[in-house]
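Peer 1: Per TrEMBL, transmembrane segment is recorded for 50-73, 88-108, 147-165, 177-193, 213-233, 239-258, 279-296, 308-336.
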């Protein structure tokens, strides 16, 4: 692909805007009408709490089924996203900028004193635009923060499926592509099966909705996490049996740590007396869990996330650093986030946090300070 073709491919179009509109409209309707578990969020500082309808899995299955029927009836091409990848990327980016600007404009004028809608405005307008002004802004009854992260995770799978459709169209399906697609599919399905766990994550309970989250959910997740699929679409990789087995091992270990740690934290928040690994949980200061994975290393769930990211890249071999952009970026991001979390926890829990750090000295990776 030459430079001119690349630049032309990045030009947004009304067709791409239409695809986004149809996608968001579907998510809005499916999220409203499909059955799902109603999950209470954390109690906010003013004593209120939001409730989330966790029907993402039903929405995803129905959407894939509808797209499958559309492809079978020649109504839509399975490769439509793969054919418009860069165009959709630029369109989604522009959408993210517009939405963030509207959120800032509306949020700054809010007079609500509720924890969700109270405006947090500083003298730094760029900082407010980047980090957001309101905690849980809504639009037409939609919790935008929860809506956008769902859209990003589903978008990731839709991009992968379209890339897979392009492989079939080109008769270029490889063992590496199958491995990558399988790992991502399992990870995304697991996310939606356990979607309620998202309601207790830091992004949902503490981060305000600004460009950092809007861009991260709508652009970064689907388009960055799928880099390996795009790369495999244009590059053939032959894996040995040993490499395939090792790759599967990395994925399984990463999944076990990631899902296990997050589940322990979520269950503990809901029921502090629930058994962990068959034993009553050990707690410091009545708040900080030191049992299970959380007694091995602080933020050990990040270790699982990193191993999973690595498993998505390993099917691409080692001939190029491009497919490893995601795990490298994630390593930098999680180290930075871990530092931010450490500072916040130290300020919030004070002496209790110091005691916790003495009991669990390792950070992310056991035996690493």
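Glycine residues also receive a Cβ, built from the backbone N, Cα and C atoms like all the rest.
Keep in mind the model is a prediction, meaning the values are calculated, not measured.
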Peer 1: Using Cβ atoms and a strict cutoff of less than 8 Å, what residues sit near the transmembrane segment (213-233) while being 6 or more residues removed from its termini?
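Peer 2: Result: 82, 85, 89, 92-93, 95-96, 99-100, 103, 132, 145, 148-149, 151-153, 155-156, 158-160, 163-164, 166-167, 172, 174, 176-177, 180-181, 184, 203, 207, 312-313, 315-316, 320, 322-323, 325-326, 329.
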Peer 1: Need a quick answer: max count of Cβ pairs under 8 Å to the transmembrane segment (147-165), which of 50-73, 88-108, 239-258, 279-296, 308-336 is it?
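Peer 2: Between the candidates 50-73, 88-108, 239-258, 279-296, 308-336, the best contact partner of the transmembrane segment (147-165) is 50-73.
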Peer 1: May I ask for the residues of the chain that lie six or more residues beyond the transmembrane segment (308-336) and have a Cβ under 8 Å from a Cβ within it?
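Peer 2: Hits for the transmembrane segment (308-336): 176-177, 179-180, 183-184, 187, 224-225, 227-228, 231-232, 235, 237, 239, 243, 246-247, 250-251, 254-255, 258, 299, 302, 364.
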Peer 1: Between the stretches 88-108, 177-193, 239-258, which wins on the count of C-beta pairs under 8 angstroms to the transmembrane segment (50-73)?
Peer 2: 177-193
